[in-house]
Amino acid sequence: MSLTLSELQIRTLKQTLESSKIPFKSEVRLDILSSFKIGGICPVVVEPENSNQVLETLFIFHKSEIPWKILGGGSNLLISDHPDNFVTLRLSGKFKEFEYLEGGKFRIGSATNTTPTFRQISQLGYTGAEFLSTIPGWTGGAVIQNAGCYGGELFDLIQTVEFLRNNEIFVRSPSEIKHGYRFTEFLNEKDSIILGIEILLKEGNLEEIQTSLKDKRDRRNSSQPENKKSAGSVFKNPKIFLENGKEIKAWELIDQAGLRGQIKGGAQISPEHCNFIVNVGAATAADVNYLVELILDKVFQTTGIRLNREIEYFGDIP
């Protein structure tokens with residue numbers, strides 16, 4: 001485990017950020033930034049509001065030898081109980097905006113909230129992104145994981161991705177970015193930062209779009225734990241098909257292993273949808289990780305199939 005940041009490092013960082021007029025917050029409870037409502041206190045959360053401030057922040061981190069991690073909407077994330085050995089970068093300002101360009105094109109900042117953003121875009125009369133209105137979190141995180149559901153995924157709509165890598169800003173098309181089912185090359189690049197995307201949609205019938213939005217929302221609410229503290233699907237579907245063409249789902253394997261409803265501390269494998277782990281009390285990251293490892297072991301013992309995590313870990317988790 002990494003060493004805790006020193007008081008001198010933190011004090012010097014704050015002074016540098018203040019002189020550079022880069023917004024930040026001190027002693028931030030990360031649990032309130034997480035849909036799991038799990039996470040400890042981070043010494044500093046830096047909130048750059050434009051690309052220049054992002055670049056300057058990264059320069060400060062590098063010069064001061066400050067370890068850092070980027071946090072978005074916190075919806076597909078398990079945050080450490082002790083995030084005190086790094087500072088957190090969280091985009092703000094212009095990154096929270098989206099705008100219509102022309103011909104069905106929209107530019108969307110990476111810190112926009114996916115559910116209201118894509119619902120609002122759909123209600124403007126543009127179709128194709130309705131499924132994204134059911135996915136919580138921020139657009140940047142949705143890009144990194146190529147978020148999707150109900151037969152659609154974000155990279156189906158993307159025209160370009162703007163991102164920062166090695167202190168340089170790039171704009172790339174999907175054909176220039178490795179991506180697949182719940183995967184992009186950004187997942188393995190911890191120093192890359194998504195700044196925004198442009199998507200292309202078609203004009204549609206507003207009444208049909210409203211129906212589609214409602215159908216997808218109802219479908220989600222009927223099949224997933226509603227109003228529960230969770231991080232969504234814990235594991236990716238294994239992409240294994242039966243002879244009749246039916247896809248084997250991760251939740252079916254977990255259920256087959258007899259783990260539905262299993263509890264550890266304040267965390268529980270959801271009785272409603274066992275590919276969800278929910279915080280039913282004062283769950284810790286360690287509680288959740290225990291259940292994650294239990295699922296991995298039991299599913300493999302029962303079926304011979306190795307599941308892969310969909311949720312990401314943020315910081316050191318025992």
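Keep in mind that glycine also has a Cβ here, set from the backbone N, Cα and C atoms.
From a predicted model like this one, the values you see are computed outputs, not experimental measurements.
Annotated active site per Swiss-Prot: R182, E310, in sequence order. According to Swiss-Prot, the active site, proton donor annotation covers S233, on the basis of sequence analysis. For 213-229, the entry in Swiss-Prot reads compositional bias 'Basic and acidic residues'. The domain 'FAD-binding PCMH-type' annotation in Swiss-Prot covers 38-204 and is backed by sequence analysis. Annotation comment: Swiss-Prot describes 212-232 as region 'Disordered'.
For S233 (active site, proton donor), applying a Cβ distance below 8 Å and a minimum sequence separation of six or more within one chain yields A250, N275, F276, E310, I311. Using DSSP to sort the residues of the region 'Disordered' (212-232) gives these counts of helix, strand and coil: 12 helix, 1 strand, 8 coil. Its Cβ taken as reference, R182 (active site) is surrounded by 18 other Cβ atoms within 10 Å in the chains shown. For the domain 'FAD-binding PCMH-type' (38-204), the model gives a mean pLDDT of 95.
E310 (active site) counts 19 other C-beta atoms within 10 Å of its own C-beta, drawing on all protein chains shown. Annotation note: E310 (active site) sits in a coil segment as assigned by DSSP.
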